[in-house]
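Taken verbatim from Swiss-Prot:
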type: BINDING; residues: Gly36, Pro37, Ser38, Gly39, Cys40, Gly41, Lys42, Ser43; note: ATP binding site
type: DOMAIN; residues: 4-245; note: domain 'ABC transporter'
Amino acid sequence: MGTFSVRHLDLFYGDFQALKNISIQLPERQITALIGPSGCGKSTFLKTLNRMNDLVPSCHIEGQVLLDEQDIYSSKFNLNQLRKRVGMVFQQPNPFAMSIYDNVAYGPRTHGIRDKKQLDALVEKSLKGAAIWEEVKDDLKKSAMSLSGGQQQRLCIARALAVEPDILLMDEPTSALDPISTLKIEDLIQQLKKDYTIIIVTHNMQQASRISDKTAFFLTGEICEFGDTVDVFTNPKDQRTEDYISGRFG
């Protein structure tokens with residue numbers, strides 16, 4: 001399983017309301033793209049799905065974020081389990097300053113796996129899942145910092161996969177990459193949806209239209225429109241959506 005249901009979510013930074021009455025169902029094993037102009041709330045919303053906003057002292061939320069019908073903001077919800085089930089890939093590749101192997105093994109070790117055979121199998125499976133195994137299999141002891149930007153981002157995806165999550169959150173994962181590396185990541189994302197629910201923030205509307213099944217358009221902290229990507233881009237119901245995707249603003 002791996003389905004998020006968000007109900008009447010409001011998020012505040014002090015007195016400033018960054019998200020307003022967000023209600024959305026994010027379907028399992030599909031790619032949902034979050035689009036909208038800078039400052040519209042899409043990255044803030046993404047971070048509510050694994051409670052990264054907890055790190056901001058002035059932040060508080062109202063409403064519910066349900067993962068398979070369990071409220072992740074409930075005091076009874078296990079935060080470590082949330083981090084295991086919901087992986088995160090950031091805009092800038094952020095490998096740890098350690099070997100390729102240790103980058104991928106880091107998460108499983110944190111969750112208590114120490115057996116070398118089990119770790120070896122997880123590392124290989126994760127690197128294969130991130131479509132980078134063939135490029136690094138003979139250099140697993142090499143520093144991750146020596147990889148190219150595109151390889152580092154795929155390594156970060158492998159690191160997220162290694163804890164065997166149900167859901168992957170991606171915050172503009174290709175914005176710092178060249179076009180060839182971007183294409184590899186896009187192909188990889190489409191392969192990953194067979195096994196994972198994927199929610200991706202992107203400023204690149206062409207990317208959203210290429211790879212996603214569903215699209216949510218954010219504006220000033222609200223969702224103006226959510227639906228099948230083909231419908232949002234070819235027959236939007238909200239004039240603001242049409243204005244944005246046609247380039248009239250943003």
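Each residue, glycine too, has its Cβ placed from N, Cα and C.
The model shown is predicted, which means the values in this text are computed figures rather than measured ones.
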Other CB atoms within 10 A, centred on Cys40 (ATP binding site): 23
Same-chain residues at least 6 apart in sequence whose Cβ lies under 8 Å from Ser38 (ATP binding site): His203
Confidence summary for the domain 'ABC transporter' (4-245), mean pLDDT rounded: 96
Among Gly36, Gly39, Gly41, which are binding-site residues, the residue with the most C-beta atoms within 10 angstroms of its C-beta: Gly36
Tertiary neighbours of Lys42 (ATP binding site) (same chain, Cβ under 8 Å, six or more apart): Leu34, Ile35, Gly36, Val201, Ala216, Phe218
Three-state secondary structure, Lys42 (ATP binding site) (per DSSP): helix
